[in-house]
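Each remark here refers to the structure printed beneath this line.
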Amino acid sequence: MGIDPNYRQNRQVVGEHEGHKIYGPVDEPKVLGIHGTIVGVDFDVCIADGSCITACPVNVFRWFDTPGNPVSEKKADPFNEQACIFCMACVNVCPVAAIDVKPP
Ligand code: SF4
């Protein structure tokens, strides 16, 4: 199952990382929540495919190591979500639908 497109309403903000919000629940390292608000990546869905990192024309993503996570031990972190130009390339290439993009 992919990211919940309504996670911004359905989940609670439980922290911050690199200037973006983290939506819970979080129970590290097994459950990591969703990172980002403009560009949301569900870390519990992300399999570290990396297509989004390659596809993004403005370098919104970079790898973030998540050792011990059962799905993948690194995640595409939307550390630069403010730079998003809403081309939707990342959403279209993600093989597991882990990304939801919504203009602020
Ligand atoms: S929508 Fe486009 S610009 Fe925004 S994060 Fe995805 S690939 Fe990058």
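Each position is counted from 1, following the chain as shown.
Heads up, the Cβ atoms here are built off N, Cα and C, so glycines get one too.
Per TrEMBL, Zn(2+) binding site is recorded for His17, His20, His35, Asp77. Taking the Cβ of His20 (Zn(2+) binding site) as centre and 10 Å as the limit, one finds 20 other Cβ atoms among all the protein chains shown.
Feature annotation from TrEMBL assigns domain '4Fe-4S ferredoxin-type' to 36-66 (among others). Residues 1-4, 7-8, 17, 20-21, 23, 29, 72-85, 87, 89-90, 92-104 of the same chain lie 6 or more positions beyond the ends of the domain '4Fe-4S ferredoxin-type' (36-66) yet place their CB under 8 Å from a CB of it.
Cys94 ([3Fe-4S] cluster binding site) falls within neither a helix nor a strand when secondary structure is assigned with DSSP, and so counts as coil. Annotated [3Fe-4S] cluster binding site per TrEMBL: Cys46, Cys52, Cys94, in sequence order.
Taken from TrEMBL, the feature [4Fe-4S] cluster binding site applies to Cys56, Cys84, Cys87, Cys90. With a 10 A radius on its CB, Cys56 ([4Fe-4S] cluster binding site) counts 22 other CB atoms from all the protein chains.
Residues or ranges marked as domain '4Fe-4S ferredoxin-type' by TrEMBL: 75-104 (among others). Within the chain carrying the domain '4Fe-4S ferredoxin-type' (75-104), a Cβ under 8 angstroms from the stretch's Cβ atoms is held by residues 2-5, 7-8, 17-20, 32, 35-43, 45-64, 66, 69, all 6 or more beyond its ends.
Apart from the site residues Cys46, Cys52, Cys94, the chain places the Cβ of Val41, Ile47, Asp49, Gly50, Ser51, Phe61, Ala76, Cys90, Val93, Pro95, Val96, Ala98, Ile99 no farther than 8 Å from the centroid of the site's Cβ atoms, the recorded [3Fe-4S] cluster location. On the 0 to 100 pLDDT scale, the model's mean across the domain '4Fe-4S ferredoxin-type' (36-66) is 98.
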